[in-house]
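Participant: Pasting in a structure now, in structure tokens, and then I'll have a few things to ask.
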Ligand code: FPP
């Protein structure tokens, strides 16, 4: 085996299975162009598509994206309602593509606060992609890490109250299993774009052992090179190989033979 081949295998072996992303910087991206913030969110959707395609090519098992936090309701009403319309449109438009690309879509968070129409759209999109066994794409919507923990705690308290569980027996597994994000699992690599170094109440429980990677790139500009750099940083931290973004790209050349990618 040649050295480049060995390096490629090493990269493949050390690849994160679950990548989570805090997609930040849409507003600033738009403002830099003298446009309304919504223009940035629309550009952000293109970046979502690109990230999903890239994660699929890399062989990442799950990708979890923070689309709307419990705190985002505090934004101006106009931005919130435009974001809701954007989610509706994106779900309608993309579901077929997700289905054809073997992506399983899951929404995590308290969706009960969304309009009936959006809730129905979410259910349809989840059902239509439920049997796909490729990339699992989790979209966190009206999600908060503390909300998730509180929610699980309430259910545990009920179980104890009903005598189904002894308080002394409560384990990490019990808590994990009751969280809305249980299906999401532990995060290997958490990326935040947009320059801030915060977790912002994202997957608090699931990022306990995650590698954290902060990028100054604004979300709409977060392309394959930027994503590749994050993966390379993870690989080098995990296995101390000091791999570069180019090596990750080299690995992709192989994977790109698989034509199963997004247009
Ligand atoms: C944070 O940027 C971004 C959001 C709160 C919305 C994210 C939504 C998308 C990327 C589009 C839709 C995605 C899906 C999955 C349907 P910001 O507005 O806080 O940016 P700023 O920090 O520059 O103000």
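From the backbone N, Cα and C atoms, a Cβ is placed for every residue, glycine too.
Those TrEMBL annotations? Automatic predictions, nothing curated.
When I checked TrEMBL for this same protein, it listed these features:
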- 24: active site (ACT_SITE)
- 24, 211: Mg(2+) binding site (BINDING)
- 25-29, 37, 41, 69-71, 73, 75, 192, 198-200: substrate binding site (BINDING)
- 72: active site, proton acceptor (ACT_SITE)
Participant: In the structure shown, which of the binding-site residues 25, 27 has the fewest other Cβ atoms within 10 Å?
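Facilitator: Minimum Cβ neighbour count within 10 Å, taken over the binding-site residues 25, 27, occurs at 27.
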Participant: Taking the Cβ of residue 70 (substrate binding site) as the centre, how many other Cβ atoms fall within a 10 Å radius?
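Facilitator: Taking every protein chain into account, the count is 19.
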Participant: Taking the binding-site residues 70, 73, 192, 199, 211, which residues show a Cβ-atom distance to ligand 1 below 6 Å?
Facilitator: none
Participant: Looking at Cβ-Cβ distances, which residues of the chain lie under 8 angstroms from residue 73 (substrate binding site) while being 6 or more apart from it?
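Facilitator: Correct list: 80, 113, 142.
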Participant: Hey, how far is residue 27 (substrate binding site) from the residue listed as 'active site, proton acceptor', Cα to Cα, in Å?
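Facilitator: With distance taken Cα to Cα, the residue listed as 'active site, proton acceptor' is 13 Å from residue 27 (substrate binding site).
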Participant: If I take the Cα of residue 72 (active site, proton acceptor) as reference, which of the binding-site residues 41, 192, 211 has the closest Cα?
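Facilitator: Spatially nearest to residue 72 (active site, proton acceptor) by Cα position is 41.
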Participant: What's the CA to CA span in angstrom from residue 192 (substrate binding site) over to the residue listed as 'active site'?
Facilitator: 7
Participant: Highest CB neighbour count within 10 A among the recorded positions 24, 211?
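Facilitator: Its Cβ has the most other Cβ atoms within 10 Å: 24.
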Participant: May I ask which of the recorded positions 24, 25, 29, 41, 70 is closest to residue 211 (Mg(2+) binding site) if we compare their C-alpha atoms?
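Facilitator: Of all the candidates listed, 24 is nearest in space.
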Participant: Roughly how many Å lie between the Cα atoms of residue 199 (substrate binding site) and residue 24 (active site), rounded to a whole value?
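Facilitator: So the Cα of residue 24 (active site) lies 11 Å away from that of residue 199 (substrate binding site).
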